[in-house]
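Going by TrEMBL, these are the annotated features:
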DOMAIN    10-223  domain 'Cytochrome b/b6 N-terminal region profile'
TRANSMEM  37-65  transmembrane segment
TRANSMEM  97-118  transmembrane segment
TRANSMEM  124-146  transmembrane segment
TRANSMEM  153-179  transmembrane segment
TRANSMEM  191-212  transmembrane segment
DOMAIN    239-414  domain 'Cytochrome b/b6 C-terminal region profile'
TRANSMEM  258-278  transmembrane segment
TRANSMEM  313-343  transmembrane segment
TRANSMEM  355-375  transmembrane segment
TRANSMEM  387-405  transmembrane segment
Amino acid sequence: MAKFEKANSVGEWLDQRLNVKAFNKIMMTEYWIPKDINFLWAMGVLLATTFGILVISGLFLMMYYKPDVNLAFNSVNYTIMQEVAFGWLFRHMHGVAASVVFLIIYIHMLTGIYYGSYKQGREMIWISGMLLFVTFSAAGFSGYMLPWGQMSYWAAMVITNLFGGVPFIGDALVVWIRGDFNVADATLTRFFMLHVFLLPIVIMGLIGLHFYTLRIPHVNNQSSEDIDYDAEAQKYLSGNKKESKVIPFWPVFISKDLAVLGIFLIFYFYLVFFHYSFAMDPINFEPANPMVTPAHIYPEWYFLWSYEVLRGFFFDIAGISAFNLGLMAFAFANGIFFVLPWLDRDSKVLPAHKRPLFFIWFWILVADLIVLTIWGKLPPTGTNAWVGFFAAITFILLFVLLPFITKKDQERRG
Ligand code: HEM
């Protein structure tokens, strides 16, 4: 057994047992971050903070929420919103954070795509990020069900129905997921468990993994320069801080992050106090009613783009039914981002503005995602249906063309 001497401070006592000084060095004071990064690199810390807000506000909501089809709606809309002191505040904080977190996730993902931060050793960062995206999506979907309003019920109905399209086992799968033939009490209680227990735990583990995957390849930078971290760190440690291209995560870099975080929190609380309604669908203030289908059923804004890819195929093509085509396109849209590091055939990490064809590809992707999101909420009739169809086809084509475009960019550079 190791020898322990009398410690002179709490820090020393902990260091003897947990080697906290070495840990502190590796993860904080000698965790090197490039100087050449902008506010977009603060999104990760914003995401971690917003997740923290979701957990804390969620804990307070859970104290009064009742996962029972007869009680859920009133426990949210009456007990929490009207009876519990500051219940409204926690509900608004939770609802707004759930919406805003997706906005930041999308900015964070698009930043990664723009700067090519998913390749050349950063593949695991990307994959762990995508796993976070999928788990956050599941958390968003399960949480939306809990108030048991009309949209909670019918969105759950539509989305669980999609699993019916899985070959051979589809029908049985839908019943298995719902725990009943219909979306019912058993569905609500299992989604409650997922939302308040299993998914948050998985997210915490994935955030740990995501942070760890950053440690070896280091974060990318604005010019995608391949930095010699050892040499630059030496410069910094020997006092040559101005010349060095890197800064330590703690306390230097974190102060930049905290500045961006401060601005974000002002914006976030402004929404919480003055514009929370954007995060709450008016139809969801009516209790769930299996006998009355709302005129238009649509998910929350952050799922609209993939929902529109699903709906875009509204007619049969080559003997394949519109439903099956939509499902395949939906599966494609949700899976394709996972393999992005391998679809990009340009072996060099460069920002999009130094890759002419990729630059155009990137902005068409952004425009297409915006079109899909806007049309995803409109009734899919007449011209709207065709806009949805072309936007869905464009999305698929973009990813089919990506390997050729990226290869061409590399060849042109020589
Ligand atoms: C939702 C929870 C997430 C958290 C808490 C998180 C956190 C972070 C942090 C702290 C960083 C380092 C600094 C920065 O670039 O912001 C980072 C980098 C990165 N994240 Fe995430 N992230 C999350 C989700 C995602 C998602 C959904 C993706 C994409 C699929 C992703 C992909 C990346 C990539 C590629 C980098 C490296 C950026 C670079 O090297 O420049 N992350 N993340």
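Positions of Cβ are set from backbone N, Cα and C atoms, glycine also.
Just so you know, TrEMBL annotations never went through curation; they're auto-generated.
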Long-range Cβ neighbours of the transmembrane segment (153-179) (under 8 Å; 6 or more residues past either end)
141, 144-145, 186-187, 189-191, 288-290, 293-294, 297-299, 310, 323-324, 327, 330
Which of 97-118, 191-212, 258-278, 313-343, 387-405 contacts the transmembrane segment (37-65) most, counting Cβ pairs under 8 Å
97-118
The domain 'Cytochrome b/b6 C-terminal region profile' (239-414) [mean pLDDT, rounded to integer]:
96
